[in-house]
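A.B. asks: My questions all concern the structure below.
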């Protein structure tokens with residue numbers, strides 16, 4: 001079944017017509033039905049091309065256009081992004097007509113526009129008798145049957161044979177909008193000042209690097225991050241041995257061992273502040289903020305917020321934006337990459353006995369503790385080792401301040417107090433000398449003196465752990481979304497003080513049934529985890545195919561469609577999938593243990609192949625309709641990107657993709673083997689019932705403010721004249737196609753992935769590494 005599906009997926013796109021294709025190739029397009037062109041001169045420099053479209057007639061599409069042109073509609077004036085609030089009217093009923101009346105200023109070429117309706121202006125009725133033609137121009141608002149502006153000089157540019165004079169049509173353009181930008185040669189004074197300021201900044205930055213290197217060589221400081229340490233002898237800490245108020249100098253072996261491990265495993269580099277470094281750091285902050293300000297200014301200039309414009313919006317603005325954006329991106333990537341060292345870059349490295357900050361690194365080694373037979377863990381480890389810096393020491397690193405306490409220079413690192421030792425010329429963990437003999441303990445029976453107690457506290461610190469508390473949301477995220485927290489909770493669950501055979505599995509029931517319950521829960525968890533991963537992979541594949549079709553056909557989805565597809569559906573489906581419950585009985589067959597095994601790959605690839613086939617079928621079915629006219633983005637302002645979604649193809653793609661996301665989450669939640677049946681996941685059923693009802697309402701329901709928000713092309717506020725909204729007959733066909741997609745995916749998952757086909761191939765080819773006893 002998979003091979004024919006893939007074959008169809010390869011063949012179907014050759015039959016799909018591109019929505020950005022020439023409208024002259026489609027018989028139902030108004031441009032094929034003798035449109036007339038007129039040129040209106042608002043002023044000496046302002047010319048606007050007007051087009052008179054005739055309602056398509058003469059073919060099987062004529063009835064569709066008659067019904068489509070006669071539907072209820074609204075003039076979108078003043079312009080709104082979603083749903084206009086103007087009076088409703090019928091284009092074939094002159095007594096309800098509404099249209100924008102315009103007056104041209106012959107000196108400036110500007111239009112004064114006002115919306116008028118027949119109930120307030122009776123002269124509109126006489127001018128709106130012909131409902132088979134529609135007048136428009138490039139900047140015309142949706143559904144407005146335009147009229148020649150009062151005061152403008154308008155004339156036809158048609159030839160006697162009924163064709164348009166292409167020379168006059170090309171000449172009918174406005175020249176008043178051509179304003180000389182301020183910056184054309186990129187050598188203007190303001191730009192030169194910006195160049196010099198950033199040049200001076202980099203000179204200051206380079207000068208600081210030279211000065212810092214010279215000073216560090218002069219003070220003979222050592223960067224331990226680039227030095228291999230040699231183990232130090234087991235000598236007592238001066239913080240203990242040199243205590244004149246102590247009764248004895250015996251240091252515990254554990255404390256001595258900790259000091260030796262710190263000397264060998266912790267690297268230390270001292271730093272001190274510098275006024276010059278602080279000044280350079282301030283320059284970095286100002287330069288970083290200035291890059292963002294420059295980007296904002298360039299974007300504002302693109303949207304015409306400066307008069308005259310700073311750069312030519314047709315070419316130079318985009319080029320300048322790309323250059324500044326790339327520089328800004330690289331700059332902040334460097335800052336993020338150096339975030340643990342950036343403050344020390346603006347400090348001077350000094351010996352540890354004179355430093356105010358210590359950059360400490362505790363070395364560790366990462367090993368792959370778990371491995372699966374698929375080799376994914378080994379592959380990931382190899383990739384990490386390939387991209388990791390060669391020879392770079394790994395471990396936890398941070399910069400801590402040096403604090404002086406009663407003559408001791410101490411730092412706090414990983415909740416342990418380190419005291420500077422002059423003999424070793426580094427910071428070592430503080431240790432307290434304790435008695436080892438009965439006489440020592442007898443001497444301390446009277447308690448410690450105040451001086452010795454204070455010295456011990458200063459040496460090892462208080463018996464507490466200082467933790468920097470993050471905000472509540474960050475704290476919750478760190479607690480509940482880390483593997484260690486899950487491991488900790490699981491340990492609490494299985495802990496039991498009684499010595500029982502099943503005590504590692506339960507703290508209540510003392511029967512062997514607890515082992516079965518644990519296996520049921522474990523298999524359900526594995527199956528659910530794999531289902532979640534498969535859905536996320538399918539979500540990415542569906543989104544990639546969606547973008548491929550969008551970019552190929554030069555269209556887009558509306559803002560609310562993206563919110564539903566990439567926000568609500570992704571989060572909602574990912575959550576409800578995890579609510580599946582384990583089956584009441586433990587089956588003989590265990591779930592798959594490989595993310596790239598045959599079961600997982602066949603499920604993902606098979607579902608995606610089916611989705612691609614049905615998506616291509618849906619687009620082919622749309623482009624084959626007799627009434628279909630493809631969307632042309634020629635006159636769409638790219639700044640108003642949402643206008644790229646007001647077409648039939650975008651609506652077809654949206655419904656195809658949203659239903660494919662539904663069915664992916666649905667089939668990956670099937671139970672019967674390791675999980676309970678899907679209908680016992682009540683929240684999942686309620687979630688899909690809600691989103692399914694919303695999708696069906698937008699697909700088959702009457703146009704409303706909701707469909708206008710999602711830019712569903714069944715409404716006249718989305719697809720205006722001279723085009724027609726999506727007919728109900730096609731929406732029913734599309735619904736039938738979506739049902740076919742749903743049932744095909746269900747049958748494939750049920751019979752191929754989870755059913756007899758999988759059982760056949762598993763029994764024939766699968767071999768367990770650890771065979772189960774029957």
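Every residue gets a Cβ built from N, Cα and C, even glycine.
Straight out of TrEMBL:
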SIGNAL    1-18  signal peptide
TRANSMEM  192-211  transmembrane segment
TRANSMEM  275-299  transmembrane segment
TRANSMEM  319-338  transmembrane segment
TRANSMEM  535-554  transmembrane segment
TRANSMEM  560-580  transmembrane segment
TRANSMEM  609-628  transmembrane segment
TRANSMEM  648-670  transmembrane segment
TRANSMEM  682-700  transmembrane segment
TRANSMEM  734-757  transmembrane segment
A.B. asks: If I count Cβ-Cβ pairs under 8 A between the transmembrane segment (648-670) and each of 319-338, 560-580, 682-700, 734-757, which range comes out on top?
C.D. replies: 734-757
A.B. asks: Per the 3+ Cβ pairs under 8 Å rule, pairs at least 6 apart in sequence, do the transmembrane segment (560-580) and the transmembrane segment (682-700) touch?
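C.D. replies: By the criterion, they touch.
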A.B. asks: Can you work out which residues elsewhere in the same chain, 6+ from the ends of the transmembrane segment (319-338), have a Cβ less than 8 Å from its Cβ atoms?
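C.D. replies: Same-chain contacts beyond the flanks: 288, 291-292, 294-295, 298-299, 302, 311, 345.
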